[in-house]
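**Student:** So TrEMBL lists the following for this protein:
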BINDING   28, 39  Ca(2+) binding site
BINDING   87, 227, 231  Zn(2+) binding site
TRANSMEM  31-52  transmembrane segment
TRANSMEM  64-86  transmembrane segment
TRANSMEM  92-114  transmembrane segment
TRANSMEM  121-142  transmembrane segment
TRANSMEM  148-172  transmembrane segment
TRANSMEM  184-201  transmembrane segment
TRANSMEM  228-248  transmembrane segment
């Protein structure tokens with residue numbers, strides 16, 4: 001019997017999207033909230049990607065011009081849409097969309113942190129190389145139906161982004177701006193790693209988590225759907241890094257040199273960049 005709320009129901013024999021064709025299935029019990037969504041909490045948690053992508057696009061559009069950053073925010077939304085499709089249906093095509101969206105989004109960020117000081121022709125060649133590499137991985141993933149290559153590539157790409165951002169940080173001359181960027185990178189890294197840790201716990205301690213959730217009952221037990229926290233925390237971690245990348249590209253003159261840019265936070269303490277007239281610097 002549940003201590004708080006009501007007892008978890010037994011999963012139904014089938015849901016609207018049954019049978020499952022994905023190669024992965026996470027710790028959340030399938031179709032226990034609604035027959036139309038396989039993993040309800042894991043699906044809803046992807047709204048974090050959509051919200052933060054909207055914030056990034058809204059702020060960037062007011063300074064329109066940096067298309068690499070705009071595309072990165074759009075692909076952050078794409079990660080959310082792909083993950084919603086996957087967790088709501090548990091179908092293999094949706095799994096491919098989910099995992100490849102992560103790969104293409106990270107490739108775009110790598111392009112953004114490497115290309116902005118290169119000549120246009122070199123930028124084009126670099127972009128085509130990233131796209132071709134991602135396309136090859138996509139084809140191999142579809143043929144092999146194995147997520148291992150995707151996971152390894154994604155992990156390596158995240159490491160490349162972090163290393164490049166660390167290197168770029170050394171070239172920021174303004175001490176105040178450099179301090180702001182350090183905080184962005186630190187919070188982004190810690191948040192992302194915390195999400196990854198919860199992802200691991202969800203994978204390797206699933207039986208224990210399900211037992212605790214049964215004791216707590218619904219809806220409190222839903223807080224222990226740790227894969228959903230992977231979505232939320234990585235969404236924020238990636239958002240912080242996108243703000244970092246956008247900030248350093250702005251400081252490098254990729255966009256309008258007639259305005260200065262400063263980091264600001266709203267009442268949710270979520271950072272954003274604001275463009276100020278030059279006289280207000």
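The backbone N, Cα and C atoms fix where each Cβ goes, glycine too.
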**Student:** Which chain neighbours of the Zn(2+) site, leaving out 87, 227, 231, have a Cβ atom within 8 Å of the mean position of the site's Cβ atoms?
**Tutor:** 26, 28, 39, 41, 42, 43, 45, 46, 83, 225, 228, 230
**Student:** Using a 10 Å radius around its CB, how many other CB atoms surround residue 39 (Ca(2+) binding site)?
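**Tutor:** Counting Cβ neighbours of residue 39 (Ca(2+) binding site) within 10 Å gives 25.
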**Student:** Residues of the same chain, at least six outside the transmembrane segment (64-86), with any C-beta under 8 angstroms of its C-beta?
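**Tutor:** The answer is 22, 42-43, 46-50, 52-54, 56-57, 94-95, 97-102, 104-105, 108-109, 111-112, 115-116, 231, 235, 238-239, 242, 245-246, 249-250, 254-256.
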**Student:** At the level of the C-alpha atoms, what whole-angstrom distance separates residue 231 (Zn(2+) binding site) and residue 39 (Ca(2+) binding site)?
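**Tutor:** Just about 13 Å between their Cα atoms.
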**Student:** For the C-alpha pair, I'd like the distance in angstrom between residue 28 (Ca(2+) binding site) and residue 227 (Zn(2+) binding site), rounded off.
**Tutor:** 8
**Student:** Under 8 Å for C-beta pairs, could you tell me which stretch among 31-52, 92-114, 121-142 has the largest tally with the transmembrane segment (148-172)?
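**Tutor:** Comparing 31-52, 92-114, 121-142 against the transmembrane segment (148-172), the winner is 92-114.
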**Student:** Between 87, 227, 231, which of the binding-site residues has its C-beta surrounded by the fewest other C-beta atoms within 10 Å?
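**Tutor:** It is 227 that, of the binding-site residues 87, 227, 231, has the fewest other Cβ atoms within 10 Å.
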**Student:** Could you find out if DSSP has residue 231 (Zn(2+) binding site) as helix, strand or coil?
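**Tutor:** Going by the DSSP assignment, residue 231 (Zn(2+) binding site) falls within a helical segment, counted as helix.
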**Student:** So which residues does the transmembrane segment (228-248) touch in its own chain, when a touch means Cβ under 8 Å and the partner is 6 or more beyond its ends?
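**Tutor:** Apart from its flanks, the transmembrane segment (228-248) reaches 28, 41-42, 44-46, 48-49, 52, 55-56, 60, 66, 69, 72-73, 76, 80, 83, 105, 109, 112-113, 161-162, 165, 168-169, 172, 177, 180-181, 184-185, 187-196, 198-199, 202, 222, 261, 263, 270-273.
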**Student:** If you draw a 10 Å sphere on the Cβ of residue 28 (Ca(2+) binding site), how many other Cβ atoms land inside?
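**Tutor:** There are 26 of them.
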**Student:** Between residue 39 (Ca(2+) binding site) and residue 87 (Zn(2+) binding site), find the distance joining the two CA atoms and give it rounded to the nearest Å.
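**Tutor:** Cα to Cα, residue 39 (Ca(2+) binding site) and residue 87 (Zn(2+) binding site) are separated by 5 Å.
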